[in-house]
Every structure is written in structure tokens, then in C-alpha cells.
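Input: a single structure, listed below in C-alpha cells.
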């Protein structure tokens, strides 16, 4: 009798498992079913289990249940890999000539910083690069094609920085180009990656792209009148990492940015130039910043940028971070003493055909 009860219990258990499998094989409404190949593999495994049960097998039938999952897994593995989805087509075809790169500097850094940029990334992109400084330098004009003396103060003050940004904005509008990109004199710009990024967005739409340096919106006080203040908060892309603005958006900024308006707008919130850009775009115009981790400033730990990903970055930087030297961590033909910024090593990685780059170097 015990043997008969055990047989009934076993058959009941196998029958329940079979029913569960049938339920699993039925595609619920609103959910995608198995791929054709997977469904075929699952069906074959299920048929094997059904055949074993029909043949009156007991314990072997239980092994068939486990075998079903093995067969289903094999069916999944044997399916050809799905082809990678095609890359998103560019919104429009642009060339470096469509981009206006403004490099903000000061006369005391013409040799210490600008010479490095002129030897590296600017050397291949002179027509699209415009250097905004605060003093005359005939030697610099011989090396760079577009040098603009803003006649702004050389001080690193809110007013001086906003003065230069105002000139940058006006010169961009005059240029008729599609994209305005601002960087500092301690940035390396990978122009190929920059152009590829910008081509993903129509320049006629409202595009503001860069990286914030804060983990929350900045809070400021907007001066409405002599005695009335209004709190505002907004995101802004830090100028130290670089940022880009489409022409469509730049034109909308005109009432608050063109002519002398940019400086008066900056005074209204009493914040520096990059914050003022964010204020106009996010707080006044209601356009959101598009964050991109491809922009980098010296305010972040640059050692965390993988060497294998350097060619994908838009901007890099160097400086000090937590009282330590902060630059891209990579090997190259130049020692850290010879190339403390690592910009020369990065440039040779991206452009090994550069005449001064050593050949046969593993980066």
C-alpha cells in the first residue's frame, strides 16, 4: 500500500510540474514571448519531459524536469548573438569649421599654458580656435590665427571673468557658426570627439551641454529691484571643464548676454561667468543642462579616467586636487617631469603622426 501511495504521490508531483511548465510556456498578454529559437528549444525540452511521463517513468521523469532547464539554457546559448544596434545617426553633418572654440586666458599664462595648447590640440585646429586674453602679445599673434584682446581686467574676479565671457559671446554671434564652446587655458580638447558629440544635436534647437562641478543646483539671490531680492536655484556647467551652446539657444540668450547685458546680468546674481551662463539658460529661459561625463576639469580626480577611454573624452585638464598633482594617469614617451599635464602624451596617443611624437611607443 505504501508503495502504491508513493507511486501516486510521485505521479501527482510530476503532473503538477508538467502543468506549471505549460503555464510558463503560454505567453501572457502584453509581454513579449520567447525569441523564435528559444521557444523552439523550450518546446523540444518540454516534449521530452512529456514523453518521459507518458512512458511511465518515475524518478527519470524528475531528472527530465531538471534536464529541461539545461536544454533551455543550451538553446539560449546556441542562438546567434543579436547584432549590435546601429549607432544613432547624427542629427546633422557638421565639420570643425561649424564650431567656435573660445579659449579664455590671461597674459601671464601665455607662455606657461598657451604654448602647450598651441603645440598640441590647437596646432590641428587653428581656424576654429579663438583665444580671448587681456593683453597685447605680438608673439602670440604669430603662433595663433585668432587672438582677441578683450581689454578686460587681468584680475581673476567675477567682473573680469564676466567681461571676457561677454566678448566671447558677441564674437561667436558675429561668426555665424553653429556651435559655441568655451574652454579654459588648462583644457585639452579632443576636437574629433567634440564634433561627433555635437553632430548628435540640431544646432537650431536649445542645447546646453557640459558637466556640473556641484552635486546640487547652485542657490543664488536674484536682484529684482533696489530693495527686492528673489531666491533662485539652477544647474550650470563648470567653465573649467568646458561647455557648448547651440546657436539656436545662443540667439535666445541675446537680451541677457549681448553687448553689455551679460555683465549686468552677472551683477544681478553676483556670480561668475559660467554661473551666469547657467542662470540665463536654466533659470530665465527654462532650458535644462545636458550633462556629459566626457568633459573634465581639474576639480575632479583625473586619475579615474581610464587610459582605454581617453580617446572618447571631449576635454581633459590638469592642476591640483586635494593638494596632489592631478592629471591623466598614463604611460608614454614623456616622463611626468617632462610632461606634468600629460597633454603631450595624450596628444601623441591621439595623433601619433605628430612630428615631435616619438615612434614605437606603447601608451
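Note that Cβ sites are derived from N, Cα and C of the backbone, with glycine treated the same way.
Features reported for this protein in Swiss-Prot:
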TOPO_DOM  1-8  topological domain 'Cytoplasmic'
TRANSMEM  9-29  transmembrane segment
TOPO_DOM  30-363  topological domain 'Lumenal'
BINDING   113, 185  substrate binding site
CARBOHYD  151  N-linked glycosylation site
DISULFID  152-163  disulfide bond
DISULFID  181-244  disulfide bond
BINDING   186, 298  Mn(2+) binding site
ACT_SITE  274  active site
DISULFID  348-357  disulfide bond
Worksheet item: At the level of the C-alpha atoms, what whole-angstrom distance separates residue 274 (active site) and residue 298 (Mn(2+) binding site)?
Response: 15
Worksheet item: In the structure shown, with every protein chain counted, which of the disulfide-bonded residues 152, 181 has the densest set of Cβ atoms within 10 angstroms of its Cβ?
Response: 181
Worksheet item: Near residue 186 (Mn(2+) binding site), which recorded positions out of 113, 152, 357 have their CA within 10 Å?
Response: 113
Response to the item:
Between the C-alpha atoms of residue 113 (substrate binding site) and residue 298 (Mn(2+) binding site), the distance in angstrom, to the nearest integer, is 14
Item to complete: Might you list, by sequence position, any residue in that chain lying six or more from residue 163 (disulfide bond) with a Cβ less than 8 Å away from its Cβ?
Response: 150, 152, 153, 263
Worksheet item: If you count Cβ atoms within 10 Å of the Cβ of residue 113 (substrate binding site), leaving out that atom itself, what do you get?
Response: 19
Discussion item. By the count of other Cβ atoms within 10 Å, pick out the sparsest of the disulfide-bonded residues 244, 348, 357.
Written reply: 357
Practice prompt. Determine, from DSSP, whether residue 181 (disulfide bond) sits in helix, strand or coil.
Written response: strand
Practice prompt. Have a look at the recorded positions (185, 186, 274) and report the one with the fewest Cβ neighbours inside 10 Å.
Written response: 185
Worksheet item: Taking the Cβ of residue 298 (Mn(2+) binding site) as reference, which residues of that chain separated by at least 6 in sequence fall under 8 Å from it?
Response: 186, 240, 317, 318, 319, 320, 321, 326
Worksheet item: Can you count the other CB atoms that lie within 10 A of the CB of the residue listed as 'N-linked glycosylation site'?
Response: 12
Worksheet item: For residue 357 (disulfide bond) and residue 185 (substrate binding site), what Cα-Cα distance in Å is obtained after rounding to a whole number?
Response: 22
Discussion item. Can you tell me whether DSSP puts residue 244 (disulfide bond) in helix, strand or coil?
Written reply: strand
